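Read the structure below first, then the notes.
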Amino acid sequence: LTGVLDDCLCDIESIDDFNTFKIFPKIQKLQERDYFRYYKVNLKRPCPFWADDGHCSIKDCHVEPCPESKIPVGIKAGSSNKYSKAANNSKELEDCEQANKLGAVNSTLSNQSKEAFIDWARYDDSQDHFCELDDERSPDAQYVDLLLNPERYTGYKGPSAWRVWNSIYEENCFKPRSVYRPLNPLAPSRGGLGSVCHFSWTGLCLEKRVFYKLISGLHASINLHLCANYLLEETWGKPRWGPNVKEFTRRFDPAETKGEGPRRLKNLYFLYLIELRALSKVAPYFERAVVDLYTGNGHEDAESKALLLDIFRDTKSFHMHFDEKSMFAGDKKGAKSLKEEFRLHFKNISRIMDCVGCDKCRLWGKLQTQGLGTALKILFSEKEIQSLPENSPSKGFQLTRQEIVALVNAFGR
């Protein structure tokens, strides 16, 4: 890919250089820190749109939950009065780790992390605009260590997976007019699975083009990670994961996708620009002394915040940001109506993630959708962020820990 992206004044080569040499090494380090590696998620929420297809039975999709008695109390506590240090010992933690097979979502935590979660829960102040958030107090919500559960190909595919994306694109996405665009493999097809016509953007305003590109970019990101971390072979119970060039070609090569592959990848760059812009805009929120990436370990917390502020400095140094001021800039009534439509469409997409039948896919789908939703919330809250009080918690604009973790990890993806 080369050249300038549509709807912005940025070229692909500049993004590659900026990301490779400045952002990626730092964001990778940040994702490894305790504050950012644990994400609380409810993988048992029912699909709100259609009868459950049944969960993926492949072991790499499957979650083998630990027995209730063996889950560290700090994870399931939610309030300090349920916490007891005597409730766990290292033997139980080892048993719990053994119970989670390779590839399954591993919800075990290190001993030193348990206490921090209680304090994290106190820090959170739930306020959301673009996403349907999981209720963290639900007995089904659990902390997941993202480093132990990498996003990769699990074997989840077919009608169930297609149905999710079909619903996102066809029912919840502003999309370009197209003559022919079957996503459903069960529908009559003239060009094979997932084949797409050339889009016509005629009559589609900037805001709707942006929305479509963001969802397409998110789809491309997920597909790229499946291709890059693919189950290549499994011998004697020892799977080998790695890049699958054939799968990448099938999803992105112009010849295999009727010319659409490069456009999908360009939309990934566009998604990167939107989330990069959100990081640069939210910097003042974190630069205040009152905001702390709190884990209970003072030294680690200070290092994490220093690294995050360093990344913010880099994002501000980028000279070709997407200009979100060009969005929703028409007459006030029309702009307000379109913004609300934008928000409701995206909220619906976050709910569709509860229809994903593979738990690991659901985990990463929910996290990346929430990360993008948080980025949009930031971009539409510029005035509130600029007027934040320096030395007291903010009322006008607030991010929960879940939103912060999702934003950083989605951008890291």
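Glycine is treated like the rest: Cβ placed from N, Cα and C.
These come from TrEMBL:
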type	residues	note
DISULFID	CYS56-CYS61	disulfide bond
BINDING	ARG152, THR154, TRP165, SER216, HIS219, ARG251	FAD binding site
DISULFID	CYS358-CYS361	disulfide bond
ACT_SITE	CYS358	active site, nucleophile
ACT_SITE	CYS361	active site
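Other Cβ atoms within 10 Å of the Cβ of SER216 (FAD binding site), summed over all protein chains shown, number 23. Maximum intra-site Cα distance, FAD binding residues ARG152, THR154, TRP165, SER216, HIS219, ARG251: 21 Å. Cα to Cα, CYS358 (disulfide bond) and SER216 (FAD binding site) are separated by 20 Å. The Cβ of THR154 (FAD binding site) has 22 other Cβ atoms within 10 Å, all protein chains considered. Spacing of ARG251 (FAD binding site) relative to CYS361 (disulfide bond) is 18 Å (Cα to Cα, whole number). For ARG152 (FAD binding site), the Cβ neighbour count at a 10 Å cut-off comes to 19, with all displayed protein chains included.
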